[in-house]
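A quick write-up on the structure given underneath.
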């Protein structure tokens, strides 16, 4: 005969945990409500078959993990994101060698060997992010690691360009896993006030990876050939996959409670036990609802749409400017740069936009400086300063933008919000650089970069609008997830 399991009946919500709420759920001296006739009535009792957290201090809840354990998870996810973006441009210096080997004569096809990988960043999250919110983050990390390594091997041993391109885009889809669900992992581990530094570390990968990738890739392809680029990426991904498998744990609240309910059903024999957050839906219904969630956020939430467009344009600018460096800096042997970002705690999501408000407008300034000084052959240090300003401004648009989306939608929908962001951002990174040749051949570096500067200038009011009206917009344009 089964016994009633001992479990939490308190009905604690995750927002109570985040706020540090404490309730004495065992006190029977609480005042009962009165009926309309003035008699005492009993409050509804918690369902004994619903499995919940064991109070706000439950050690199984990711918010209550040790600081070291939280930082370990953020570090692994951030390194995985950096490695994924490193692969985006690390192969670029070897693309010409691949073209010679496979007899590629089309410049567009050569460019696709790089851009299709970044396009995978937009396609993968449409499925991976929703699945992570249904089945957990950890299984998606493991799946993406395995698929990425398999198709990176395929890239390294490709025998024709068609095979290479297919393997490349699938590898990009798999590499998007950490980028699309990493924000959800951070939201699972930290309350909003503690989330800034972790999100800054996580968000720097998409900016730093494309910068250092060509430096490493140029050295590798020149000395040992383009295929070794993928072998090195395979070694790196193998190390990260091993560390992920050995050290990471599940952080999705719903999945943790579901596993707890499953364990208790086996221990007690009570098949009626269910996790508190379980929905009365079939697996197919939950999957369909989760898959359309990023698209709904993108269509119905102006916050997600405009922040994604703004960060996407600046993300694409980084790739586009790379195409002009060989001609502008052909006499310069070494380029050095540094970036760093810091985000402070914020009591409301819109306060994350302070740095974007004030530093976002310097990006078009950098484009104007870079374009016209390069056009007029000013000393090379001046265009370098212009590109540094572009990079610095982009840093403080992309990172605060991602933190804002995670804070605005919380642990429940952070992965879907990031997926929507990647859906817009990644095509800019994949295809904006393809416009470089017609843009600069017709307009020159001066007016070509000025056009880009005016486009980014048009988006500078976005953080100012959301800083003032963001909370009202979030309330008015609530998306049924």
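Cβ atoms are placed via backbone N, Cα and C, with glycine included.
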Of the residue ranges 11-31, 32-52, 200-220, which one carries the transmembrane segment annotation in Swiss-Prot? 200-220
If you count Cβ atoms within 10 Å of the Cβ of residue 252 (N-linked glycosylation site), leaving out that atom itself, what do you get? 27
Within 10 Å of the Cβ of residue 64 (N-linked glycosylation site), how many other Cβ atoms can be counted across all chains shown? 14
Could you pull out which residues elsewhere in the chain have a CB under 8 Å from any CB of the transmembrane segment (302-322), counting only those six or more residues past its ends? 89, 92, 118, 206-207, 210-211, 214, 360, 363, 367, 370, 387, 390-391, 393-394, 397-398, 401-402, 404-405, 408, 417, 420-421, 423-429, 431-433, 435-436, 452, 455-456, 459, 462-463, 466, 470, 473-474, 477
10 Å Cβ neighbour count around residue 103 (N-linked glycosylation site)? 8
Considering the transmembrane segment (446-466), which listed stretch of 72-92, 111-131, 200-220, 353-373, 403-423 counts the most C-beta pairs under 8 Å: 353-373
